[in-house]
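Some notes on the structure that comes next.
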């Protein structure tokens, strides 16, 4: 069996990739995808440690996470839509009417 | 229930006046404010409190207590009562409020109902400050005073009123909060020995040495820290040099009736609290640090007087001289002698009346001339003989002319301070502080000579007539009070002595 | 006395009645909308929403009075195998949410007049409220996460509700993006906690951790990330970046809703999770989270207030001040150390959030009123407003001074409770917090009184006329003002409950 | 029978009533309040006479009186403050003098003020009444606090009256100066008062419970408890501390009695109406200082150092002021400096142990100086308020009553036999001489006093000759304005008194003939009760006197005669010189011959200049520096804090760039920082 530390490393790596995406991507959809990546990193942990601890709690949580990710995307797409309508762009760095 | 009556009536009066039409608001407020005057005078006449309200054996008059809220382990009560220290201040507050309202009739000519409503609201809070015997209740009133004052300066003040109002507001608020933390450190240090935030309970527990250590700090350190925090908090209000710079701005910008209340009553909150907290609850710390406090006092007296000497604006002169006069109060308090503490308390009342008189006199001149600068006018006595006469009387009262209340207060403070064993080299400190009476004569005489006397001349183009009766009448009332208290200080001094006598024995040896 | 005070008279699930009522109301609104999709009768929508929230509030109040879930009636009621718990704290916070919701729905009636999609608006508000009340009851990291998302997702939509308004959309976007990142961080943090403990239920986590912590790093990172996730909800540094824009851009009632109720929801979760799942004596070797919260509190209140001091738009000032207040409320959890009276500290925070619910919502609703009138957004635009609308300005003055901690409203007492709580801890960090609170309080007095000054002291610049007096907005503003003021003399009504509820947590 | 003592408070209260009446109703009264004052002071005079007769034992056996009449401030666990009345030979004599001169001045004022159609008369009469009230109450004060209180009120009245013509520039300025300079002295006085109360727990002048008696016990070794309690923490001996207290009180005396260096206010005070000068600045207020020393003489006698300083100040002031009087051109200025000089004599007498001499000179001087001032007032009326002596001349024929009475006063002032001043001044110098022979300090003081006799004779008669003799030098002098009865009556009364008052204490005659005609001496010895109970009789003081008497030329009588001859000779020499120089039809300003000295004298030794410099050149700039410091530094810090806060707030909000990616980055950085920090602290890595 693969030691749990490896799953931790994997998930950490995924989380960081997602984070990197957030910091570098200006496209709102890519931003959203990066967030999904981070959520999935959490899912990996849950599933892996569910196995390790021998209970199903973690796996259940993963199901919640997946559902949630879907809902989030739905809302997100909606917002990106109105963003595009108002700013004619989905570059997240464009809307800066409010600052300071 | 009489204290409640005073407070509730003042609040109701404030509400009624707020709703009254502007034209009649002033008269209406004056009439309404006569009720608290009457009630407080009646309370004075039937006053039966003995001893200090905070110390064991003291029995405040008109005491009521009712459960209010619980704050964690502490029951907070509605707890009010008056002893010999607070009774005179209540009378001072009610009388000065009425007079300030009457003196506002002429200068206040817009949004009158709001003005008088706020004044009455402030009166309610002030009465609360002087009567509350529960810390949180007291603090509510203490902070509530700021709100009307902010508006009174900010809306009806002079050209820089917004700056002055916010400066007053923020500065004194910071001080209050610092004081609050300091006090609660003490409260938590007392641990289980108190179950309410009643000031008497706390004062007695502290004096019985029940303060425990908090978070590894010994009781002495806690006490010292709390003392410093409390002293700072109140020193700003008094104000003590170097925490005084809000005062001249506030005074100069505030309309005259507000200056009257500010100098007459609000400053006394600070010294009242110093007496109640620093010098009653933490008497041992006060004694141990008497040198520094005496230095604060003496510096306030001399430095404040010197500043007054350098001013050209009449109101600024009186404002700085208030700082000087309040220095005497501090000196008297730290002396820990019956006449020192008693004289200091008497000086609170006396200075309240005299500074009120002074500000009103300046205000009456300002109403007619629309200037307060010494250089702008000359020989005003020629056109306004009665006002000038009162001004002269007030100025001499301020200088401590015998048979006016200021003299009695100052001489008692001096005597108390001189024989103090708390202050090291007490005669020297007292002697230096007393030089204030020379400087005060210097700047007031100079101001009078330049404005009232000499050939008539005015740099502005207003017609100068005699001041209307409504402007002058409050001056005479105040002058009469000043003289009455000057001839018979015992009117208040006896009950003050009764209340402060036990304070002077606090903090001697013993104690933790 | 009241039958509900013992569990025997009503089924256990009845303890969740407030959340159920809120959820049902939301569904009812959807139903109404699907029956009659045209917004012909906004009063019906607003009425149902208000009725639902008021009903939930009344039930909550009743439970609070009756002592449901309190130690005196047999302790917390656990539901669904302990996934949810109803106790004094959850009810206390539910009361905040429901009352804020009621204020917001009442105010929205006028604010929304003439706008499309009102049913969705009200439904989302109530769904978010449902999420919040579940958050207050959440006793497991899983329910906590789901409830948090239930309150967050509708909020994103609500912020971007004015979909033709660039500000609203921009605010929605920023709120959503930061929210998504934060929920990812939270999820990841939970996963790490799960990795260390193998449990998600709060007391189980604590129990597992007390058996021994294998990898302190994993747990430590997990705990901090969980804290980060909550920090997003409470708009605390460094997860606060969404807040100024979201509050500024959102419809003003929603700003009030988010900055009061949503913030409180974040706090109730933080309180419960950290106190129950990560008891300090267990995790102290790994991470002293009180220190973390101390740092967060210090930075949050300072940043919020300093940034607020130099704003030129009232709404944005309120937004930043809301961050500042998050910093104040953090004090309660930052000093839950051995030296302090823990229940006192936490109770103080709860009280502050309670009062804050009314005064801050009221302030934002006043802004809503001003937006309704079409007055501008800057301080200068508010000049001389009191001449036109003295009653509303009087109410606003009460809100602002209460926010600043002056005793013409309950905000003073709650702030003092916090301040005294720092004194009770009497550690260096607590005194630091006290000092910061004082400095920031002074600063806040400065900028709050700028609004007051504009309204009462300054002369009006332009000559606009306040022509209408919208009933709903006025009712909400005045109602909030009355409650804010009454919380000064009647503070005891809530303070006892708060301290009891907080103490029950330990 | 009703005792006069019960009415003693009324002596002061009557003028107080007249103050109120004049102030409130004076405008509508026939003589604008003068009548109220006249009636009140007349009443006071009658009561004073009655009191004096009672003290003399003529109207009963009770010859002194002490009563606390008003509890001022009650102390619990400490001393009370009260006001009380004390009547003994000294105070009753002083009551008589003050009320007499007050009455005469009121009458004179009818001529000087009413007849000249001055405005503001109610204010004038009210102030004058208030002054009488204060002075009289001061005189019968039984404790030093009460004395101080009325001492201050006297100062207030002085301010009001000097500045009476407030519409001009000079009088308000002079009033300010008078008050300020005396206030400076009173500052020390008040410290002394406070110190006395703090030390002894009482300020009572008299009885065993009074502070002089307690001080005596303390010095003689039986330290009273309260004194010991005070002195112990102070770490000072009784003698040294009492010296300090005595000197502090002396500060007030120096201020009020216009002694060097606080004499500068008095010449300026001549800006007030002349009757005021007569009343306040010659006969009574200035006398208050000297009276105070006499009142607490029992205390001063205990500290020889203080006595020596008093004598020295007195002797020096007598000479110093006389030199300045020599060159003055204005009538009232000469009188002002002569007043300073004469009070110097009284101080000299007190300091050198001549208690009777001092009181004697106080009495005679009150009369003849009031006379001279009123005479000057009469001249000034005549001269249409021109005071320059060089514009006068030859008034002798035009106003004989004024001339003869003025001459009487001048002779008294110069100390010419047998006028009043001769007797009293002679006794002063004699006492100083006999005590000075054993004490060089006193001897120096005596020498200065003696020298001043010559100058006094000179400047007095320079004044007389320039004013009344020779040819009229201006039109006004040619045709002077007439004066009425209300001017002439007081002059007449005082003129007679000035000539004859010396007979109350003709010590040389008594000594020579053995006749017991030293009435004043006997008066001050007092009755049994005064000595035994109240401890203020002359015998008490003689017991305490720190000096030994010594005689030249083999005995008391020769010494006395030599002394008298010496002073009379010098006075005559002065008069003679004045006669030579100025009793000519066309006198010239001989003072020009003095050259640089004259400049010095005309500028009053630059005393004013340095005091003005202290006030305006040092204190005011210091105040301005303090103001700058206050505005700049202290307030600067306060405002600086707020500016810094706002500035940093402005910086802080720049973090919020509006770009959401930046937010994500900052969020990440923040979280990372937290993780790293806590990781290091928690040892996760």
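Keep in mind that glycine also has a Cβ here, set from the backbone N, Cα and C atoms.
As written in TrEMBL, here are the features:
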DOMAIN    C:138-433  domain 'NADH:quinone oxidoreductase/Mrp antiporter transmembrane'
TRANSMEM  C:13-32  transmembrane segment
TRANSMEM  C:44-65  transmembrane segment
TRANSMEM  C:85-109  transmembrane segment
TRANSMEM  C:121-138  transmembrane segment
TRANSMEM  C:175-197  transmembrane segment
TRANSMEM  C:217-243  transmembrane segment
TRANSMEM  C:289-310  transmembrane segment
TRANSMEM  C:317-338  transmembrane segment
TRANSMEM  C:350-370  transmembrane segment
TRANSMEM  C:391-408  transmembrane segment
TRANSMEM  C:428-448  transmembrane segment
TRANSMEM  C:473-499  transmembrane segment
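Long-range neighbours of the transmembrane segment (C:121-138) within the same chain, counting only residues 6 or more positions beyond its ends whose Cβ lies under 8 Å from a Cβ of the stretch, are 16, 18-19, 22-23, 25-27, 29-30, 33, 45-46, 48-49, 52-53, 56, 79, 83-86, 89-91, 93-94, 97-98, 101, 104-105, 108, 112, 144, 146-152, 154-155, 157-158, 161, 254, 257, 261-262, 264-266, 268-269, 272. Remote same-chain partners of the transmembrane segment (C:391-408), defined as residues 6 or more beyond its termini with a Cβ less than 8 Å from a stretch Cβ, comprise 321, 325, 355-356, 359-360, 362-363, 366, 369, 385, 415-416, 441, 444-445, 448-449, 451-452, 455-456, 474, 477-478, 480-481, 484-485, 488. Using the rule of three or more Cβ pairs under 8 Å, pairs at least 6 apart in sequence, the transmembrane segment (C:317-338) is not in contact with the transmembrane segment (C:44-65). In this chain, the transmembrane segment (C:428-448) lies apart from the transmembrane segment (C:44-65): fewer than three C-beta pairs between them fall below 8 angstroms, excluding pairs fewer than 6 positions apart. With a cut-off of 8 Å between Cβ atoms, the residues of this chain six or more beyond the transmembrane segment (C:85-109) that come close are 15-16, 18-19, 22, 42-43, 46, 49-50, 53-54, 56-57, 60-61, 63-64, 68-70, 75-79, 121-122, 125-126, 129, 132-133, 136-139, 251, 253-254, 256-257, 260-261, 264-265, 267-268, 271-272, 350, 353-354, 357-358, 361-362, 365, 368-369, 471-473, 475-477, 479-480, 483, 494, 497-498, 500-502, 504-505. Long-range contacts of the transmembrane segment (C:289-310) within its own chain (CB-CB distance under 8 A, at least 6 residues past either end) are made by residues 223-224, 227, 231, 236-237, 240, 244, 274, 278, 280, 283, 317-328, 330-331, 333-337, 429, 432-433, 436-437, 439-440, 443-444, 446-447.
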